[in-house]
Amino acid sequence: MADAYYPRLLHKGSAFVQAVEVVKPQGALNAPAADVIDKIAGCCACRRASCICGRAKQAWAFDSRVFVPERTDVEITRRYRISAHDIGAGSFGQVFVAEDRLVRDRLVAIKKVFAPDANSKASFKREVSLMKHLDHPAICKIMETYEKGQTMYIVMEYCEGGQVFDWITEHGLIEENVTMRIIRQVVGALKYAHSKAVAHRDLKPENICLCSKEAADCRVMVIDWGVGFFFGLSRMRSAVGSVTYAAPEVRRAADGAEYSSECDLWSLGVVIYVMLSGRPPFWGKSQFRKMLAEEYPMSGTEWDAISDDAKSLIRSLLRADPSERLSINEVAQHPWLQDHTVRVDLGVSAQVLSNLRQFSRASQIFSLGAASVARQLDHRGLRDVHRVFSEMDANGDGVLELKEVREAFERVFGSDSEKLRDLEGVFRSVDFDGSGTIDYTEFCAAGVWERMSLEEDVLRAAFKAFDHEDDGRITKAEMQQVLCSADVKQMWSREVCDEAAQEVMQEYDVDGDGSIDFDEWVCLMRDNAERCYRGWEQADEGEKAAQGKLRRLTTWLQRPGKA
């Protein structure tokens, strides 16, 4: 049993997957440190296929949400050039557009919150926690946070197309086919959020933003989750949101009434009504009475051209009794939202799916790096991957099941293709957190990893996610912190994380200063990217180790300022 549990005694480079598949002897709490270190660092001498592939059962799992750095006592203006004028106001703060000083042509939105007391700080932390919890292509992505004294900042994706509200203000109403495309995405976001026991509670056109200014691109993001709530099995009691869009039961909460996530469905009905007609369904002094009586106009010139399906959906949502409204799953299946097909160029799909297969060879440190890139890239950097994901997500739940992945591979490569070999192993290797589904960030990480060997800006985005002090270097302590924080199943002791971080430092800290600077990080990521491209099954062990060290040193010396 001892030899079976400690296979590294028999072979120095034994895979972590071999170590964790055997039954642990009584009292053993962690996988053997050396095997875990080899798996994490991707530095083991043997480089055997079993050490890097996803075909064996994997017990290691990590959470991509760890790549939302929360920086304390770090000056945000050192990283971002913030505009003088705000572009909007969120639930608890102002929102500004800012330019990244380190990543070329990168713009972000920054929400600035003044938090002078414990309650306001708790509200800020709650919003951050909620946004980190949500990983969906139509939900605005949080990238990092800063805390400096009583001022808090949330750095998010920037949607340059502006608010849907501004579009309505400018044009009066939105064409039905465009409204349908937008609402389909909003419904997907709400369906996903509700599945995670999260209600938005302030859905309105101001909180739906267009990603692009291009007229043909109707991709949107649901923003401002500041009054969002983890409802779980409980019911909500706060009267929040905007009066025009708040459900009757939310309005009654001021008198002690309770409500649940159905409140978002009423708001959705109001949003659709406003987008199609250019005016709210309820207004004036008798607004609340009309809401309870379900009295609203649906006639006139603007409504004559609207389809019966659209009107039917609105009527099914604007029901005063929450129990009589359509459920979010029923909304997603409504006929008005079914007339769509996501068409993606076959070459783009083939490239993204091929990337998924190659990614299964990645070391864990490279997987962590790819996940950090996926968390930091905005919708512009993920456009092709996003389109492929949307095409594959047949049931629209915001995650991919093995069945959906298999159908995509068969559609692109054919049912008899070699590409379908061991697809279960490929699936497990991309399912970083072991949830049984592939989340959006996990898919994006596997879909864009090859850019990490080609684009310096992408590498810098990953680097900054590890560099918590934002000082231009990754220390052993920071590396250890990331490894321990990411460990979903708590399989690694702090000692294991410390040794793994030390292994990375020994391999890639070329100048020996005790930290990894950006140039050394480039070597680390590109060295691991090469493994995904070629694999290491055929080469001689000693030759590969020597070539790897020589290549890293040569690459590092050739970078500007290192000669």
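Even glycines carry a Cβ here, placed using N, Cα and C.
Residues or ranges marked as domain 'Protein kinase' in TrEMBL: 81-337. Feature annotation from TrEMBL assigns ATP binding site to K112. The domain 'EF-hand' annotation in TrEMBL covers 380-415, 418-453, 454-489, 496-531.
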Could you please provide the mean pLDDT value for the domain 'EF-hand' (496-531)? 88
Give the nonlocal contacts of the domain 'EF-hand' (454-489) in its own chain as ranges (CB under 8 Å, at least six residues past its ends). 40, 59-63, 66-67, 69, 71, 74, 78-79, 102-104, 106, 144, 368-370, 372-373, 375-377, 381, 433-434, 448, 497-498, 500-502, 504-505, 514-518, 521-522, 525
Could you tell me how many residues in the domain 'EF-hand' (380-415) are helical, how many are strand and how many are coil under DSSP? 22 helix, 1 strand, 13 coil
